[in-house]
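Structure, as C-alpha cells:
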Amino acid sequence: MIYEGKAITVKALESGIVELKFDLKGESVNKFNRLTLNELRQAVDTIKADASIKGVIVSSGKDVFIVGADITEFVDNFKLPDAELVAGNLEANKIFSDFEDLNVPTVAAINGIALGGGLEMCLAADFRVMSATAKIGLPEVKLGIYPGFGGTVRLPRLIGADNAIEWIAAGKENRAEDALKVGAVDAVVAPDKLAEAALNLIKGAISGEFDYKAKRQPKLEKLKLNAIEQMMSFETAKGFVAGQAGPNYPAPVEAIKTIQKAANFGRDKALEVEAAGFVKLAKTSAAQSLIGLFLNDQELKKKAKAYDEIARDVKQAAVLGAGIMGGGIAYQSASKGTPILMKDINEHGIEQGLAEAAKLLVGRVDKGRMTAAKMAEVLNGIRPTLSYGDFGHVDLVVEAVVENPKVKQAVLAEVEAQVKDDTILASNTSTISISLLAKALKRPENFVGMHFFNPVHMMPLVEVIRGEKSSELAVATTVAYAKKMGKNPIVVNDCPGFLVNRVLFPYFGGFAKLVSAGVDFVRIDKVMEKFGWPMGPAYLMDVVGIDTGHHGRDVMAEGFPDRMKDDRRSAIDALYEAKRLGQKNGKGFYAYEADKKGKQKKVADPSVHEVLAPVIYEQREVSDEDIINWMMIALCLETVRCLEDGIVETAAEADMGLVYGIGFPPFRGGALRYIDSIGVAEFVALADKYADLGPLYHPTAKLREMAKNGQSFFG
C-alpha cells in the first residue's frame with residue numbers, strides 16, 4: 001500500500017500503475033468532506049513524489065463513485081468571511097489542479113453516480129471511462145450555488161460552452177450514452193468491464209498510443225471561442241436560462257456569467273473567477289434556504305427510515321372509493337410494485353378510477369418513460385371490485401371516500417369487519433380528526449390517517465396522522481408503504497387540518513380579509529406569484545375547489561374558533577353560494593376554457609365582481625408588502641403553533657411539509673426558515689403591526705421569548 005487513509009487509499013496494481021481509490025469508512029457513499037480533501041492532498045503529494053509511478057487510475061470502493069461535497073459542512077463554511085471562503089475554495093482547487101498536473105497519465109473509472117465534486121474529480125483526470133449504467137452531473141444549482149471545484153472551468157473546455165451551460169444550468173443527471181455523445185467521457189463499457197477498460201486505457205496512455213498531454217492541454221487554456229461566438233453563445237443562454245429559472249434562482253445565470261468571464265483565461269485564473277462567483281452565491285438567501293431544504297429532506301428521510309425496524313411489509317393493498325383520487329392512489333401503488341384492490345359501490349366509480357390510472361399510464365408510455373408491456377403489468381396490479389370478497393388477504397386499506405365524517409365512519413366500520421385482525425386502516429382525509437373517526441372502530445390501534453395531496457402522482461408529500469389510539473406499528477407500516485409508493489411521508493399528530501391544511505387555511509384567511517378590504521384578487525395573485533408561490537391564492541382556491549375550500553374552512557373554524565372563525569360572509573361564501581366552484585365547473589374567481597390540447601386555461605371573468613361586491617366591506621389602501629404580510633404572517637404563525645403544540649416534531653418537518661404539500665417557495669426554505677431569514681425579533685415586531693387583523697396575527701408567548709433571547713429555529 002503506497003498510501004492509506006480513512007477515505008482514500010493508493011495501491012500498486014502492475015507495471016508502475018497505481019489505483020487511487022475513494023472508499024470513505026463508515027459511510028455508504030463517498031463524499032468530499034474535509035477529511036477526504038485532506039487525504040486527497042496527501043495522496044496526490046505521495047504520487048507526485050514517487051518516480052516509479054507511471055499512471056494513475058481513480059476508482060471507487062463503493063457502489064457509487066462520489067456523490068459530491070458533504071453538504072452538512074456548507075452551513076458553517078458559508079458563514080465564513082468572503083475572503084476566507086474564497087481562499088478555502090482556491091486551496092481545495094489547488095489539490096485538483098495538482099492532480100491534473102501530475103507528470104503521468106490519469107484515468108477515472110466511473111461507476112454508479114458521479115455528481116458535483118465527484119464529476120469535477122473526474123474532469124481533472126486525463127481520460128474518463130464510464131459504466132453503461134452510471135450517471136454523471138453537476139446538480140449544484142439545485143442548492144442555489146454552482147460547481148466550485150473547477151466544474152465551470154473544465155467542463156466547457158472539454159465539451160464546449162453550449163453543452164456545459166446546458167449541463168450546469170439544468171443540474172440534471174446525465175446517462176452514459178449522453179455523456180459519451182458530447183465528449184464528457186471517452187468510453188462507455190459494461191459495468192463488469194469497467195476495471196479492465198480503465199487498465200487498458202492507462203496502459204495505452206503510458207505506451208504513447210493515447211496522447212494524454214494533448215488530451216489535458218485544452219483544459220489548461222482559454223475557451224476556443226472568438227468574441228462573436230462568445231457573445232452569441234453566452235448572451236442567448238443567459239436570456240433563455242433567466243426566463244426558465246426566474247429571478248428568485250440566480251445560480252444558473254451566475255454560472256453562465258462565470259463561464260463567460262473566465263472564457264479568455266487559462267485554468268488557474270479561470271478558477272479564481274469561479275471562486276469569486278461561488279462565494280457570491282453562497283452568501284445569498286436562496287442558497288442558504290435551498291441548502292437548508294436539502295438538509296431537512298435528509299433528516300426527513302432518516303426519520304422515515306427509522307420506522308423500517310418495526311414496519312410490516314404491505315404486500316397487498318386496497319383503496320375504498322375509486323374515482324379520480326382512488327384511481328390516483330391505485331396507480332401510484334401498482335406502478336411502484338404493490339398490487340391493489342380498488343373498491344367502489346358502483347360501476348361508474350370503478351370506471352372513473354380505472355380511467356384515471358389508464359390516463360396516467362398512457363401519458364408515461366407516450367413520453368417514452370414506460371413500455372406498453374410495463375403499462376399492462378401495472379394495470380394488472382389494479383383489481384377493481386364492487387365487493388369485499390378478496391379483502392381477507394389485504395395488509396393495508398386506504399379509505400378515500402367523500403370528506404364527510406359520518407360516511408367515513410360507516411365505511412371504515414364496514415371494512416374493519418371484512419379484513420384480518422392486524423390489517424391497517426388508513427383514512428385519506430384532509431381535515432377530519434383521526435381520533436374522531438376511530439370511535440367507529442373496534443381496533444382503533446390499527447387506524448391512522450394517510451393524507452395524499454392532489455394530484456396524487458405529482459405531489460410528493462403524504463401526511464401520516466397518528467390518532468390518540470394509533471399504534472406505532474400502524475404508523476410505521478403506513479410510513480413504509482408511503483415510501484414504497486415513492487412518496488415523502490411526514491408523521492404528524494392529530495388535530496383539525498393536521499399540519500398542511502391547518503397552516504394553509506390561515507393563509508386563505510389572510511386572502512379573504514384582503515378581498516373584503518377591497519383588494520383585487522388578480523393583484524393579490526400577481527403579488528404572491530412574484531413572491532415565489534407557484535400560483536396565487538385565488539387561482540389555488542379555484543384549483544382546489546371552492547366547495548372543498550368552503551368545507552375545509554368550516555372544519556378549521558370549528559376546530560380553532562378563537563382565531564379561524566369569522567362571522568362575516570367572505571369571498572369563499574359568495575362564490576360557493578353562486579355555485580362558482582372553480583376549475584371543476586368552469587367558474588370560480590376566474591373562468592376556465594379548454595385550450596387546443598384540452599387543458600383548462602384560466603381567463604378573466606368580469607361577472608365575478610358582481611358576485612364579490614356584497615363581501616367587500618371597505619376600500620383600504622394596501623401596499624404589495626402589506627399583501628405579502630397579511631398572508632404570510634398568518635401562515636407562519638400557525639406553523640409556529642403547530643410546532644409548539646407538538647403536531648409536528650421538528651422545524652425541519654414543518655418546513656418540508658409546506659414545501660412538498662402546498663408549494664411553499666423552495667428558495668425561501670419554508671415558513672420557519674422564512675421567519676429566521678427576517679429574524680425572529682423582527683418578525684414578531686412585524687406581526688405586531690398587523691395585530692388589529694385578529695388573533696391569527698398575534699405571536700405566541702414562546703415566540704416572543706425566542707425573540708427576546710435572540711433564538712432562531714435553525715441555528
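Even glycines carry a Cβ here, placed using N, Cα and C.
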Next item on the list: Please pick, from Asp297, Asp308, Asp313, the residue that Swiss-Prot records in the substrate site together with Asn501, Tyr660.
Entry: Asp297
Item checked: Listed co-binder of NAD(+) (same site as Asp344, Val401, Val402, Glu403, Lys408, Ser430, Asn454, source Swiss-Prot) among Met325, Met375 -> Met325
Notebook entry, point to check: How many Å separate the Cα atoms of Glu140 (site 'Important for catalytic activity') and Asp297 (substrate binding site)?
Noted result: 16
Notebook entry, point to check: Along the region 'Enoyl-CoA hydratase/isomerase' (1-190), what average pLDDT does this model show?
Noted result: 97
Check: For Asp344 (NAD(+) binding site), what residues in its own chain, 6 or more apart in sequence, show a Cβ-Cβ distance under 8 Å?
Finding: Leu320, Gly321, Ala322, Gly323, Gly326, Ile350, Gly353, Pro384, Leu386
Next item on the list: Identify which of the binding-site residues Met325, Val402 has its Cβ surrounded by the largest number of other Cβ atoms within 10 Å, counting every protein chain shown.
Entry: Met325
Margin query: I'd like the number of other C-beta atoms within 10 A of the C-beta of Tyr660 (substrate binding site), please.
Written below: 24
Notebook entry, point to check: For Glu120 (site 'Important for catalytic activity'), what residues in its own chain, 6 or more apart in sequence, show a Cβ-Cβ distance under 8 Å?
Noted result: Phe96, Leu138, Pro147, Phe149, Gly150, Gly151, Arg154
Notebook entry, point to check: Using the residues the record lists for NAD(+) (Met325, Asp344, Val401, Val402, Glu403, Lys408, Ser430, Asn454), what whole-number Å value is the largest Cα to Cα distance?
Noted result: 20
Next item on the list: State the count of C-beta atoms found within 10 angstroms of the C-beta of Asn454 (NAD(+) binding site), not counting that atom itself.
Entry: 15
Notebook entry, point to check: Near Glu140 (site 'Important for catalytic activity'), how many other Cβ atoms are within 10 Å of its Cβ?
Noted result: 28
